[in-house]
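Now, the feature entries from Swiss-Prot:
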BINDING   3, 6, 22, 25  Zn(2+) 1 binding site
BINDING   53, 79, 135, 154  ATP binding site
BINDING   128, 131, 220  [4Fe-4S] cluster binding site
BINDING   272, 275, 284, 287  Zn(2+) 2 binding site
DISULFID  128-220  disulfide bond
């Protein structure tokens with residue numbers, strides 16, 4: 001098949017809207033789609049300092065690459081989770097990605113600052129639970145300590161549709177009231193944005209291959225059997241039969257999101273006695289779980305690795 005816009009061979013078939021695109025026109029299409037998402041939801045401005053959380057995977061790498069290409073002021077943060085055999089590979093991919101992108105890279109290794117890696121802590125909590133807590137805290141604290149205006153993550157349309165379906169099935173109305181492509185800044189909680197909110201996982205993979213971004217393909221050993229994978233499977237079946245299902249599902253939710261806002265429960269926000277970050281109690285969940293006695297200061301004067309790129 002030929003590209004819709006030129007005589008070159010098609011690189012990819014876009015299912016919604018249905019069209020064939022060559023590699024060059026696909027890259028233009030993808031970048032334009034991300035740019036429009038940023039503009040539509042007022043995610044970012046060119047004068048903001050943006051911290052992109054890069055895991056070594058495809059989504060975060062593509063997020064950093066596109067934001068850099070669109071002219072945004074980005075730096076990257078990689079959190080090494082201390083998972084033997086997996087985290088070492090992830091860090092190496094993050095380094096390669098930032099070298100190609102030309103973005104400064106900061107690295108936080110939790111085993112060095114907390115004493116244990118994910119999966120090494122003696123606790124009844126599943127690894128995914130305290131891993132998520134740890135990553136969210138470090139991303140926000142690092143961004144706050146270093147004066148960033150926003151944190152950008154690599155959540156794509158498939159991720160958002162699966163989260164949405166799971167939260168509807170469990171009637172998690174607080175998530176439904178707060179979900180979406182942007183979480184505005186609130187005090188010491190830095191603004192979080194999702195530039196890939198309306199692009200599919202398939203499109204992200206195709207773009208990464210087109211621009212030469214290598215990424216880790218192995219899944220985290222603790223992610224197997226995760227509910228998200230089940231939700232994605234259901235949505236993929238629906239998408240196969242009715243192209244546009246994921247997009248319309250997520251867009252429809254955003255139109256009706258205000259219906260859930262009365263469900264938001266106002267919580268008293270305190271300041272953690274240890275790290276001075278926002279907390280619902282005297283000690284925040286992060287400091288409590290890791291047994292911290294003093295604040296971790298993530299302020300840096302230069303990147304942990306030399307800034308990559310030109």
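The backbone N, Cα and C atoms fix where each Cβ goes, and this holds for glycine too.
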### Message
Between 6, 53, 128, which of the binding-site residues has its C-beta surrounded by the fewest other C-beta atoms within 10 Å?
### Response
6
### Secondary-structure category, per DSSP, in which residue 79 (ATP binding site) falls
strand
### Summary
binding-site residues 6, 22, 275 vs residue 135 (ATP binding site), shortest C-alpha separation belongs to 275
### Message
Going by Cα-Cα distance, which of the binding-site residues (22, 25, 53, 154, 220) sits nearest to residue 275 (Zn(2+) 2 binding site)?
### Response
53
### Query
What is the nearest of the binding-site residues 53, 154, 272, 284 to residue 22 (Zn(2+) 1 binding site), using the Cα of each?
154
#### Entry: Cα proximity to residue 6 (Zn(2+) 1 binding site), best match among binding-site residues 53, 79, 131, 154
154
### Message
Return only the integer: C-alpha distance in Å from residue 131 ([4Fe-4S] cluster binding site) to residue 25 (Zn(2+) 1 binding site).
### Response
39
### Message
Using only C-alpha positions, which one of 3, 53, 128, 154, 220 is spatially nearest residue 287 (Zn(2+) 2 binding site)? These are the binding-site residues in the record.
### Response
128
### Query
Distance between residue 25 (Zn(2+) 1 binding site) and residue 284 (Zn(2+) 2 binding site) at the Cα atoms, whole Å?
48
### Task
Using the recorded [4Fe-4S] cluster site (128, 131, 220) as reference, state which further residues of the same chain have their Cβ within 8 Å of the centre of those residues' Cβ atoms, listed in sequence order.
81, 118, 127, 132, 222, 223
### Query
Across all chains shown, how many C-beta atoms besides its own are within 10 angstroms of the C-beta of residue 154 (ATP binding site)?
21
